[in-house]
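Chemist: Quick paste of what TrEMBL says about this protein:
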TRANSMEM  6-25  transmembrane segment
TRANSMEM  37-56  transmembrane segment
TRANSMEM  62-83  transmembrane segment
TRANSMEM  95-118  transmembrane segment
TRANSMEM  124-144  transmembrane segment
TRANSMEM  164-183  transmembrane segment
TRANSMEM  195-213  transmembrane segment
TRANSMEM  220-241  transmembrane segment
TRANSMEM  253-272  transmembrane segment
TRANSMEM  281-303  transmembrane segment
Amino acid sequence: MSVIEIVFPLLFIAALGYGASRSGWFSREHIGGISKFAFYVCIPALLFSAMLKVPLKDSIRLPVLAAFYVPVILTFALTLLLARQALKRSYRDCAVLALGGSYSNTLLVGLPVIMAAFGPAQMASVFLIIPFHSAVLFGLTFALSGNTDAEGGSKGGQLIKGLLFNPVVASIGLGLIGNVAGLSLPTALGSSLEMLAKPAIACALFVLGANLNQYRLSSAFALTAVLSAIKLLLLPLLILIMGKLLALTSLELAVTVLLGASPLGVNAYLIAAQLKRDSDIIAGAVVLSSMLCILTVIFWLTVLT
């Protein structure tokens, strides 16, 4: 399968979602309903079913996780330092920008691209990266921002607690527990989950496209462009280098690089809005990186395959 054959269906569905939202054919309520169905039903069914079946002993390797997380944390730190030097701000005020250069949309972009390109191979590594990815970067962002609520509690702590109980993390965790325990689902239940899982990728891509209509490029275009370049080019390059140093297989290398090459995730904007720092810049980076990833994903797929 060629790179264009891999990418085109993904782009088509995302473009369909954008067009449906932009034209007003689908209202915010419609998109919200599809999003809820995708994230609370279809995607958890997909993740649970897949995690239950993957051969853990053969699929999960610490070098794979290190090849992803070391560059991610390094990119967070480099973006933090760059923002501090260029903007003459405190580390606290630059934390959100550091998140903007390092947080990947692994679920809506990375997972569909990898599934389309390689099928279910190496899914165990992908599923382990997804939940910890948010926990690590959101935790760093809140720790640096020093943000607390009116009663003195940590918003970061509340968010991490919420992450641990969200449907995506819960479905992966339950699938992992079931796999280790040797759980085998009844045929009827397994078939039901498979039916629910089938529209997961299409729904996720449709929602991604529709959501892009709700964000705009900010007036600080130069800063938005720098964050997008760091996210789409520097981070995957560092993952590629680290992966080669750790002697990952070609498939492991492709999976980790493509996860890192995903555009900035929408949740970064939600964090920025919650912290009341640079939310317009982060929203612009979500839009710009999502647009540019059409080209960069093709580039990285070409390099890796």
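Here, residue 1 is simply the first one shown, and the rest follow in order.
Backbone N, Cα and C define each Cβ position, glycine as well.
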Chemist: Honestly, do the transmembrane segment (281-303) and the transmembrane segment (220-241) touch, with at least three Cβ pairs under 8 Å and pairs 6 or more apart in sequence?
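Modeler: Answer yes: the transmembrane segment (281-303) meets the transmembrane segment (220-241) with 3 or more Cβ pairs below 8 Å.
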Chemist: Which residues of the same chain, at least 6 past either end of the transmembrane segment (124-144), have a Cβ under 8 Å from a Cβ in it?
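Modeler: Beyond its ends, the transmembrane segment (124-144) has Cβ neighbours at 47, 50-51, 54-56, 59-61, 64-65, 68-69, 72-73, 76, 80, 91-92, 94-96, 98-99, 102-104, 106-107, 110-111, 114, 154-157, 159-160, 163-164, 168-169, 172-173, 175-176, 252, 255-256, 259, 267, 271, 275.
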Chemist: State the non-local partners of the transmembrane segment (220-241) in its own chain: residues 6+ outside its ends, Cβ under 8 Å from one of its Cβ atoms.
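Modeler: Those are 67-68, 71-72, 74-75, 78-79, 82, 97, 100-104, 253, 256-261, 263-264, 280-282, 284-285, 288-289, 292-293, 296, 300, 303, in sequence order.
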Chemist: Sequence-remote contacts (6 or more beyond its ends) of the transmembrane segment (95-118), Cβ cut-off under 8 Å?
Modeler: 1, 6-7, 9-10, 43, 72-73, 75-80, 83, 87, 126, 129-130, 133-134, 137-138, 140-142, 144-145, 168, 201, 204-205, 207-208, 223, 227, 230-231, 234-235, 251, 254-255, 258-268, 271-272, 275, 277-279, 281-282, 285, 290, 293, 297, 301, 305
Chemist: Residue list, the transmembrane segment (253-272) vs rest of chain: Cβ under 8 Å, 6 or more residues beyond ends.
Modeler: 64, 67-68, 71-72, 96, 99-100, 103-110, 113-114, 117-118, 122, 125-126, 129, 134, 138, 141-142, 159, 211, 215, 227-228, 231-232, 235-236, 238-240, 243-244, 278-279, 281-283, 285-286, 289-290, 292-293, 296-297, 300-301, 304-305
Chemist: Counting only residues 6+ away from its ends, which parts of the chain sit with a Cβ under 8 Å from the transmembrane segment (164-183)?
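Modeler: For the transmembrane segment (164-183), the far contacts come to 39-40, 43-45, 47-54, 56, 107, 127-128, 130-131, 135.
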